[in-house]
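Participant: Submitted below is the structure of interest, expressed as structure tokens.
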Amino acid sequence: MKNIVGNKVVLIGAGDVGVAYAYALVNQGTVDHLAIIDIDEKKLEGNVMDLNHGVVWASSRTKVSKGTYADCEDAAVVVICAGAAQKPGETRLQLVDKNMKIMKSIVDNVMANNFDGIFLVASNPVDILTYAVWKYSGFDHHRVIGSGTVLDSARFRYMLGERYDVAPSSIHAYIIGEHGDTELPVLSSATVAGVSMRRQLQKNPGLEEELEKIFEETRDAAYTIIDAKGSTSYGIGMGLARITRAIIHNQEVALPVSAYLEGQYGQEDIYIGTPAVINRAGINRVVELELTAHEMERFIHSANTLREVQEKFFPPAN
């Protein structure tokens, strides 16, 4: 990986998620230059103009431009938000056929322009497509990151905060596994304002049913939002901006992303949601949480669900 001096990001895909991410990135002043690529060039021109007008009020000046794949050569991060959007009633895994070919075309174009930074993937199903980007790019897996369960974990923290009247920043709780229907909460290591949820469950067994309901609302939130407004955008846009900030500023912060496993949780050769330490080089290391037997059972089911789909496109070597 060559030494990339600047803080340039290339965003591929300026739909609802991409534009929300661009707005968050510009508003936070994270990068020097944001180049945006999209097939709808007229709409892209309008978004670039609109974002540049807002830079006046941002914390620092970010150059926003209509990009081409040539911009990837000196980019620190390429963020992929392109692909078919999830429709009402459609699961994320059902998107895979539509989006796999799109990923192949995008990665081929990026790599043809000597990109040597970090890939950040948000297109769904994100775990499967992050694996695809890794395979198609030929990069070391540490340099390919998926948004994973960063949004799911944020939703869970928000909903727990509403339940306990505590700021989400004072809640430490992860959703892991597939970014989708088989994900799971890790209540055994969760804390609310420093208080162990495991201990609370031991004191009050009836609390488990309430927490499971909160988790189900978390898991199904995307369906509710899509049914109401057509797509999710702001939450994932801000989550992607957070991951980008961790990369650009070499923060060594643990975030729940889609990371490649090499034996952690007993799993190999799969991208799946788990906490991982993020820095300028990508994923520094995967954080393997200590799971209860029941949590591990659910995690294995989630991994097997992803692997079943993954192997249709990338059969395991004999």
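Backbone N, Cα and C atoms are what each Cβ position is placed from, and that goes for glycine too.
What Swiss-Prot records for this protein is below:
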type     : residues                                                                             : note
BINDING  : Val17, Asp38, Lys43, Tyr69, Gly83, Ala84, Ser105, Ala122, Ser123, Asn124, Ser147     : NAD(+) binding site
BINDING  : Gln86, Arg92, Asn124, Pro125, Val126, Asp127, Asp152, Ser153, Ala154, Arg155, Thr232 : substrate binding site
BINDING  : Arg157, His172                                                                       : beta-D-fructose 1,6-bisphosphate binding site
ACT_SITE : His179                                                                               : active site, proton acceptor
MOD_RES  : Tyr223                                                                               : phosphotyrosine
Participant: Can you name the residues of this chain that are 6 or more positions from Asp152 (substrate binding site) yet have a C-beta less than 8 Å from its C-beta?
Facilitator: Ile175, His179, Glu183, Thr218, Arg219, Pro256, Gly273
Participant: Reported as an integer number of Å, what is the Cα distance between Lys43 (NAD(+) binding site) and Thr232 (substrate binding site)?
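Facilitator: With distance taken Cα to Cα, Thr232 (substrate binding site) is 19 Å from Lys43 (NAD(+) binding site).
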Participant: If you draw a 10 Å sphere on the Cβ of Val126 (substrate binding site), how many other Cβ atoms land inside?
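Facilitator: For Val126 (substrate binding site), the count of other Cβ atoms within 10 Å is 29.
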Participant: Sequence order is fine: just name those binding-site residues in Val17, Gly83, Ser105, Ser147, His172 with a Cα within 10 angstroms of Thr232 (substrate binding site).
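Facilitator: The binding-site residues passing the 10 Å Cα test are Val17.
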Participant: Roughly how many angstrom lie between the C-alpha atoms of Ala154 (substrate binding site) and Ser147 (NAD(+) binding site)?
Facilitator: 12
Participant: Taking just the CA atoms, what is the gap between Arg157 (beta-D-fructose 1,6-bisphosphate binding site) and Ser147 (NAD(+) binding site) in Å?
Facilitator: 17
Participant: Just name the winner among Val17, Ala154 (the binding-site residues) by count of other CB atoms within 10 A of its CB.
Facilitator: Val17
Participant: Pairwise over Val17, Asp38, Lys43, Tyr69, Gly83, Ala84, Ser105, Ala122, Ser123, Asn124, Ser147, annotated as binding NAD(+), what's the top Cα to Cα distance to the nearest Å?
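Facilitator: Farthest-apart Cα atoms in Val17, Asp38, Lys43, Tyr69, Gly83, Ala84, Ser105, Ala122, Ser123, Asn124, Ser147 are separated by 25 Å.
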Participant: Look up Gln86 (substrate binding site) in the DSSP assignment and report helix, strand or coil.
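Facilitator: It is coil.
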Participant: Between the binding-site residues Val17, Gly83, His172, which lies closest to Asn124 (substrate binding site), Cα to Cα?
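Facilitator: When the Cα distances are compared, Gly83 comes out closest.
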Participant: State the Cα to Cα distance, in Å, between Ser123 (NAD(+) binding site) and the residue listed as 'phosphotyrosine', rounded to an integer.
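Facilitator: Just about 16 Å between their Cα atoms.
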Participant: Can you figure out which of Gln86, Val126, His172, Tyr223 (the recorded positions) comes closest in space to Ser105 (NAD(+) binding site), comparing Cα atoms?
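Facilitator: The smallest Cα gap between Ser105 (NAD(+) binding site) and any of the recorded positions is with Val126.
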Participant: Lys43, Arg157, His172, His179: which of these recorded positions has the highest Cβ count within 10 Å of its own Cβ?
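Facilitator: When each Cβ's neighbours within 10 Å are tallied, His179 leads.
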Participant: Which of the recorded positions Val126, His172, Tyr223 has its Cα nearest to the Cα of Gly83 (NAD(+) binding site)?
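Facilitator: Nearest candidate: Val126.
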